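Look at Swiss-Prot and you will find 35-55, 87-107, 113-130, 134-154, 211-231, 242-262, 272-292, 305-325, 330-350, 386-406, 416-436, 462-482 (among others) tagged as transmembrane segment.
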């Protein structure tokens with residue numbers, strides 16, 4: 001038990017500081033923006049400080065743990081703690097949210113509410129990644145939906161209300177399965193219900209019940225991740241949302257599904273997971289091919305990037321399904337890597353939209369001459385997305401490949417088949433990403449338009465792009481920095497399985 005409540009402060013600070021902004025007299029949009037950025041930076045520094053001085057890398061157990069009785073009537077605890085699995089996602093959340101608040105500078109309409117919702121989302125996400133109680137996990141999962149829905153429905157394109165409604169129907173509908181799973185796990189087999197994740201990890205269930213619980217959790221996480229066929233909310237949502245919201249969705253929201261899949265399905269229900277893992281491998285492989293072949297048909301720039309996200313999530317699913325040390329490590333690395341790459345691509349798509357006010361690729365062309373800095377950054381980050389060696393995506397996908405090859409669970413022929421199909425998906429990825437760059441930046445279409453002139457990226461946008469690019473290159477050159485955080489935790493999760 002830790003003496004100082006670091007995690008409670010880290011979880012509660014953004015939303016309380018954001019609430020303060022709503023009650024203070026209105027001082028203009030600029031004050032709100034700088035206030036939000038200061039809160040985000042302070043929170044990120046606080047998180048980094050707490051983890052640097054209190055987190056021991058070689059300890060797979062829960063650290064910085066806090067356990068307070070919250071509601072006596074329900075026997076409900078406020079349990080927080082971190083381990084190697086959650087530390088990376090919490091730091092990613094802090095980093096991406098700080099940059100997203102900086103990216104939201106052009107938002108002027110109702111900016112106080114916009115920035116408050118971003119901070120509320122920040123609290124919900126960190127609360128989810130650090131919760132050690134199943135009911136608290138569910139509450140954070142639900143709380144996080146409210147600011148996302150409001151951000152989607154109030155700021156964005158013409159069809160924003162449609163996409164926000166679709167998002168809430170999918171996610172809230174799938175949350176019913178999550179709630180049933182939480183209640184099923186907590187009420188089974190003990191005189192008094194337990195929701196403590198550490199105790200639940202050592203509990204065993206009858207095979208039928210474990211399979212039913214697994215399916216319930218899988219549906220909830222499959223919508224967030226997203227796994228096909230539950231992915232259709234994602235392109236619509238990304239196509240309409242403001243790009244700073246897109247950064248949070250692609251960078252953090254999708255990772256919540258992957259985190260839940262490892263934290264609950266893999267850790268609490270190992271027997272069911274080993275039964276379902278071949279199906280996860282098949283679905284992950286289909287997802288890579290399906291999204292990569294659907295993406296070139298998208299006219300909307302942000303929808304095309306959204307489909308690339310769906311394709312990259314396939315590697316995470318395959319890594320989780322392989323039940324091997326490299327496979328799971330690769331999946332965790334891909335979670336972090338795609339968090340940076342996805343957020344960066346949406347940011348650059350948004351900045352180019354701010355200048356030309358065109359969202360469709362067939363209306364663009366010839367932008368490279370006018371905006372060379374954005375063109376350069378977009379090209380580099382497209383290369384990162386197609387897993388260029390030296391970038392984080394390459395290392396993550398390579399380690400997932402090793403995970404499949406070293407897996408004891410699958411026959412050689414099925415391994416070869418999965419790798420062959422994945423390779424086709426990886427060949428399709430450069431095709432849609434490079435054709436996207438070609439349609440946007442090359443040719444003469446926009447140069448022939450009268451009064452054609454717009455500014456290249458300013459210092460704020462350049463700082464933002466470089467800030468996201470540095471960790472992508474850093475992880476690509478030295479992936480051990482991320483892998484060492486989770487390696488002990490991965491080993492302790494895999495010790496529940498009989499092979500690998």
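Backbone N, Cα and C atoms are what each Cβ position is placed from, and that goes for glycine too.
Between the transmembrane segment (113-130) and the transmembrane segment (211-231) there are fewer than 3 Cβ pairs closer than 8 Å, counting only pairs 6 or more residues apart in sequence, which means the two stretches are not in contact. Within its own chain, the transmembrane segment (35-55) has Cβ neighbours under 8 Å at 2, 6-7, 9-10, 13-14, 17-18, 21, 63-64, 82, 87, 90-91, 94-95, 97-98, 101-102, 104, 115, 118-119, 122, 126, counting only residues six or more beyond its boundaries. In this chain, the transmembrane segment (462-482) does not touch the transmembrane segment (305-325); fewer than three CB pairs sit within less than 8 A of each other, excluding pairs fewer than 6 residues apart. Each of 134-154, 272-292, 386-406, 416-436 was scored by its Cβ pairs under 8 Å to the transmembrane segment (211-231), and the highest score goes to 272-292. Between the transmembrane segment (134-154) and the transmembrane segment (242-262), three or more CB pairs separated by 6 or more residues in sequence fall under 8 Å, so the two stretches touch. Note on the transmembrane segment (272-292): residues 207, 210-211, 213-214, 218, 227-228, 231, 265-266, 307-308, 310-311, 313-318, 320-323, 404, 409-410, 414, 418, 421-422, 424-426, 428-429, 431-432, 497-498 of its chain, located 6 or more positions outside it, place their CB under 8 angstroms from a CB of the stretch. Among 87-107, 242-262, 416-436, 462-482, 242-262 has the largest number of CB pairs under 8 A with the transmembrane segment (330-350). Tertiary neighbourhood of the transmembrane segment (242-262): same-chain residues 85-86, 89, 92-93, 96-97, 99-101, 103-104, 107, 118, 121, 125, 128-129, 137, 141, 144, 148, 151-152, 155-156, 217-218, 220-226, 234, 302, 305-306, 309, 313, 316, 320, 328, 331-332, 335, 338-340, 342-343, 345-347, 349-351, 353, 493, selected by CB-CB distance under 8 Å and a gap of 6+ residues from either end. Within the chain, the transmembrane segment (462-482) has long-range Cβ neighbours (under 8 A, six or more residues past its boundaries) at 88, 95, 99, 102-103, 332-333, 336-337, 340-341, 343-344, 347-348, 373, 377, 380-381, 384, 389-396, 399.
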